[in-house]
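*Asks:* Annotations per TrEMBL:
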- B:70-97: transmembrane segment (TRANSMEM)
- B:118-140: transmembrane segment (TRANSMEM)
- B:160-184: transmembrane segment (TRANSMEM)
- B:191-209: transmembrane segment (TRANSMEM)
- B:221-241: transmembrane segment (TRANSMEM)
- B:278-298: transmembrane segment (TRANSMEM)
- B:323-343: transmembrane segment (TRANSMEM)
- B:383-400: transmembrane segment (TRANSMEM)
- B:406-426: transmembrane segment (TRANSMEM)
Amino acid sequence: MAEKNRRDEDDNDRLDDETIDDVVDDDADDEADEPVGRGGTATRERTKADSADSRPKTRTEGRVGIFGRLARFFREVVAELRKVIWPTRKELLTYTAVVVVFVAVVLTIVAGLDYAFARAVLWVFGGSS
Amino acid sequence: MLSAFLSAFRTPDLRKKLLFTVGIIAVYRLGATLPSPGVSYGNVQQCIRTMESGEGNGVFNLLNLFSGGALLSLSVFALGIMPYITASIILQLLTVVIPRLESLRKEGQAGQAKITQYTRYLTLGLGILQASAFVALARSGQLFNGMCQEFPIIPEGTGLPTWLTVTVLVITMTAGTGMVMWLGELITDRGVGNGMSVLIFTSIAARLPSEGWTIKNNKGWAMFGLVLVLVLVVITAVVFIEQAQRRIPVQYAKRMIGRRMYGGTSTYIPLKVNQAGVIPVIFGSSLLYLPSLLLQFFDQNNLNGWQTWVQNHLVQPDSPTYISVYFLLIIFFTYFYVSITFNPTEVADNMKKYGGFVPGIRPGKPTADYLDFILSRITLPGALYLGLISILPNFFFIWLDNQQFQNFPFGGTAVLIMVGVGLETVKQIESQLMQRNYEGFLR
């Protein structure tokens, strides 16, 4: 939640920046700002990874090599994992309790049904050998 | 949320759905206990008793788990939901390969109905195949590993010709599979939860008490408690990952329609770490069952070269090959299933249509690329987690005791399925409750 709010604030800030830019009517500045403005979280991450490779940007991705690409992929996975919102302790406990209760209820129902049916079937078909 | 269980019963339509589901489960269990015509129930009971007193390691532990013990007694629903699962895997895999199926899938409702129809036909075909295999197995006595020769499950010399008995058996079991399929679809349509998963869940639940009892009897209360604790830990771990989300913020543009202002809200797309749910595990385990089914068609006592290899590497659940193939299959199916169920292009198009955008990303293709980027990254830990959870407890059981390993229900696969289905179903119940309680609020 907190992270989401913060991101919203960021967005607002950026909007403000742009309006101010418009008021000043400075085109050059606007263009310089644009790549930064466009960079959402992941894109920014990607450009960072690119620059970390310290290779000329004109080269295609295929030149990085399989290990380089794998390493970058894993870095990106970790970066995405950091943005994951994990359940809180309270949530975790509630859901675990709910699942346990649910499983217990179904277990009881099925066990009861099975017992009854097994008795009935044994009564009807059993005995022969 | 626990109170949801109680208030669910106070809501009339939800109560109806719950009772309907329970009713279907009752029918399913009845069919699973009812012996097929031509089977001597008394002899089957005798054999099961013999098996339990001896070393209980038939070939069918995994399948028996999915069919809830129905298989050993050759009951009407002996095949259970397995042929349906196999058929739907095959069709979903074929969708990628065959262009005609692909175009059907994209056609929308009508095409989807066509694919469902194909799945059903394939299910019946597979049902006939498996039913014949099992009947042959039962007649040769291998269903109980040849340990029960003195009590034939399908007695001969009853006045009816053998071919008639066998044909009726195969027909009954195939029809049973068709009926199970129908029951599953009824649950999906009018009950609570996904029918297929609920039925598998029921089968696993049906086996749990007796398996738990076996562990208690063989190992004593201490080991029983230890297993329970382990299961609880696994449950918590599964819940933890299932609840983890990557939230992608979405902003909706404000627009005026008439005198009203719409939109301008900010929400998020929840991408779960494990977007695929339990389906990959079900698919992986039922696909790995196929080799052992294949082997049933050959003579068990003199297998030739490749058959022995399959027997040693793909059927024995504690061989390293089996475990690694299982792991890789789960990872593959996780990616595969996510790609089927979540289509980034479609989501991006929908967002664009309703004036939504991810802040900082252009709507349309860039948004689709962005979603795809995140999804492919976030699915890797999800896939690894699914694979690890379904494998790790098995290691524990191997370490514990090789014989005890046969008691599969407490392994990761079963726990994963139980928790996954439980969470899914409870959430569905809860969302329907919310819908009802806040009806006046929303509209």
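Quick reminder: no glycine exception, Cβ is built from N, Cα and C everywhere.
Remember, predicted model here, so these are calculated numbers, not experimental data.
Relative to the rest of the structure, where do these features sit?
*Replies:* Sequence-distant contacts of the transmembrane segment (B:118-140), counting only residues of its own chain at least 6 positions beyond either end whose CB sits under 8 Å from a CB of the stretch, comprise 39, 71, 74, 78-79, 82-84, 86-88, 90-91, 101, 152-154, 166, 169-170, 173-174, 177-178, 181, 293, 296-297.
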*Asks:* Which residues of the chain, 6 or more past the ends of the transmembrane segment (B:278-298), have a CB below 8 A from one of its CBs?
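*Replies:* Result: 59, 62-63, 66, 82, 85-86, 89, 130, 133-134, 136-137, 142, 197, 200, 307, 310-311, 314-315, 322, 325-326, 329-330, 333-334, 336-337, 383, 386, 390, 413, 416-417, 420-421.
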*Asks:* As a test: from B:70-97, B:160-184, B:323-343, pick the stretch that has the greatest number of Cβ pairs under 8 Å with the transmembrane segment (B:191-209).
*Replies:* B:70-97
